[in-house]
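Novice: Have a look at the structure that comes next, please.
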């Protein structure tokens, strides 16, 4: 072979390079050729790559002469062969097709053929082609061919088959190289078999094959994918010790290991250290950091990272995963409109949502019971040519469950089965919750039995869902039946299950049962949490068991369990009801010192406490504090303050408070109107009460009869008897339910002005309405007749009263 020098040599004196022509022919045969197809009318743009390989002209002459005249032998290119193989089912005669290909006589076609078909990802076709290839006489086993097959099995999580190929290649005397071990470690990492992956690394070192950075990255990923973040860190340290420095992929894998292992704080700390190494994060890095920030509730930090990625000069543009994480962020923080806005922004930036993105949006709507919006997104998935998966259907089930539409939830469940999707345990639990949300306990239990018939075992979530349904149905027997069913199936109740059962007993007023279950929970050493004591304390307060509520509060303090706002509110209420104002104030101040901002419920509890103590000045101070802290008072808080004003002899302040309510657009509740009527009664403010009646008149059926009775009482005490009777007629015409007290108010005020004729008429109204007058009502009119009516009218009154008493079902005697 001639040697080259720096000076040009005349063409006639140049010595040809041995094998140069052959090498150039190989390069041309296996050169990738791209072809582009564009249809401007349909908007289609396709780019395809083809490889010719060795054809008839390049195969050995003996084979060419032998098969040249055979019309069944085809001179296909490698790409054509791959295309024809993939069109067949893997059960079809693939061997027959390949035996018609003239290129099979060129050994160099085999690696290219395997590479092309494995890249397509069809494992069954690849196995058939590989087995056919090994039967060819001119086949020579090569390491790169086995590496490609091992990588393919790894992508399909076929660990045993990948390991089988590893042993087979050694039988064929193919020595594994670093790529072989990398592929095998990757296969075991995908299957979560990180210990196998560690053993493979040891075998690799014993074979004197130096691990590459990809080897360590695959091994770290094998550990991290199963949540073993400590092992992942150990491998990373070994990697550095062996002189192989980590790269961006390594850092991303470790961040992912922290994420999988739910070590979100450690992931963010590692990210800060990573930035100090000078390695620039990529989109994958930021996606992991955003995910961990959302899990830690650091929504502001996640949004800042997202906005920085969207800046014009940013090197890391957000991808579909980034937008999906932000949709989830807004979902968990309750900002549903922002979920929709982010989704549309993703579309506007030219990114095509995947099924995970659609599921995140459906889940956001489902969490707030927005079933119509969830269904709209679900239909959009199908319109865009994608197939909804189990998560899509389950999210739709949740949407119908939260909106209390069990019939539609069942329809979605049936539709999932029709589309050949197998419901998982989450799907069944969502359907149980849908029935339970409507109180259909029998149907919910039937779903539990149905899932067992299909071989899916109920879990603790199923039991918790049924217990919650029992609480809604107010059925004690069913709560005990569900607990027994859990015991029979070997399902150990956890904290959430005990909380659900205790809450269900509290809801139906079974205090003793709830306490027994709480004691059983403590006996079995199941940890009580804030929810446990919140349910117990608030439940005791609802049942007026204030002493017991304070005892649970003391236990909660002893166990150092964090207090919730509901606990603070309930305890303040309990102290207030027992007249322990100082203790209530102490808890209220402790709440603020702990950094727990009081809400409107807590402030209302303090208002109740001050009202019970008759201290309207401090009650008014609470309202001022609410305004200073931007806590909007509601109708309940305002009614309590009004009651304190009336009780403290300050009725004029009640009417001032009413003007405050109008300015704040706070609706007038029954309690507020009652206090306003009481204030007007104390002030003898006839004009205000008249205006109030005009406002209330269209809504008489909505108001409580106690409020309407208070209006009648005020008019009667004011001497406005005709107005009182007219108001009574309007109340009757409105369809509001009249009770015994209503007639009692009318009779007392009529008797006070001596209108005995109307008094007797009202008694007749009571009889006609099926409400029996009391003995006292008859005694009062007879006493009036004897005392004030005179002899002439006394006889008439007595006669009319006797006539009423003689009616069927009337009182038989007046004692």
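Glycine residues also receive a Cβ, built from the backbone N, Cα and C atoms like all the rest.
Straight from TrEMBL, here's the annotation block:
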type	residues	note
REPEAT	142-176	repeat 'PPR'
REPEAT	177-211	repeat 'PPR'
REPEAT	212-246	repeat 'PPR'
REPEAT	247-281	repeat 'PPR'
REPEAT	282-316	repeat 'PPR'
REPEAT	319-353	repeat 'PPR'
REPEAT	424-458	repeat 'PPR'
REPEAT	494-528	repeat 'PPR'
REPEAT	529-563	repeat 'PPR'
REPEAT	564-598	repeat 'PPR'
REPEAT	599-633	repeat 'PPR'
REPEAT	739-773	repeat 'PPR'
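Relative to the rest of the structure, where do these features sit?
Specialist: Secondary structure by DSSP for the repeat 'PPR' (142-176): 26 helix, 0 strand, 9 coil.
For the repeat 'PPR' (177-211), DSSP puts the residue distribution at 26 helix, 0 strand, 9 coil.
Taking Cβ pairs closer than 8 Å, the repeat 'PPR' (212-246) reaches residues 178, 181-182, 185-186, 188-190, 192-194, 197-198, 201, 204, 253-254, 256-258, 260-263, 266 in its own chain, all 6 or more past its ends.
Here the repeat 'PPR' (247-281) has long-range neighbours at 213, 216-217, 220-221, 223-229, 232-233, 236, 239, 288-289, 291-293, 295-296, 315-316, meaning same-chain residues at least 6 beyond its ends whose C-beta is under 8 angstroms from one of its own.
Secondary structure counts, DSSP: the repeat 'PPR' (282-316) has 24 helix, 0 strand, 11 coil.
Long-range contacts of the repeat 'PPR' (319-353) within its own chain (CB-CB distance under 8 A, at least 6 residues past either end) are made by residues 283, 286-287, 290-291, 294, 299, 302-303, 306, 309, 360-361, 363-365, 367-368, 370.
Per DSSP, the repeat 'PPR' (424-458) is made up of 26 helix, 0 strand, 9 coil.
Averaged across the repeat 'PPR' (494-528), the predicted model reaches a pLDDT of 87.
Away from its own ends, the repeat 'PPR' (529-563) comes close to residues 495-496, 498-499, 502-503, 506-507, 509, 511, 514, 518, 521, 570-571, 573-575, 577-578, 591, 594, 596 of its chain (Cβ-Cβ under 8 Å, at least six residues beyond either end).
Counting residues of the repeat 'PPR' (564-598) by DSSP class, helix then strand then coil, yields 26 helix, 0 strand, 9 coil.
Residue counts for the repeat 'PPR' (599-633) under DSSP, split into helix (H, G, I), strand (E, B) and coil, are 26 helix, 0 strand, 9 coil.
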Novice: Which bits of the chain, at least 6 residues beyond where the repeat 'PPR' (424-458) starts or stops, bring a Cβ under 8 A of a Cβ in it?
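Specialist: The answer is 390, 393-394, 397-398, 400-402, 404-406, 409-410, 413, 416, 465-466, 468-470, 472-473, 475, 478, 485, 489, 491.
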Novice: Within the repeat 'PPR' (529-563), count helix residues (DSSP H, G, I), strand residues (E, B) and coil residues, in that order.
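Specialist: Taking each residue of the repeat 'PPR' (529-563) in turn, the totals are 26 helix, 0 strand, 9 coil.
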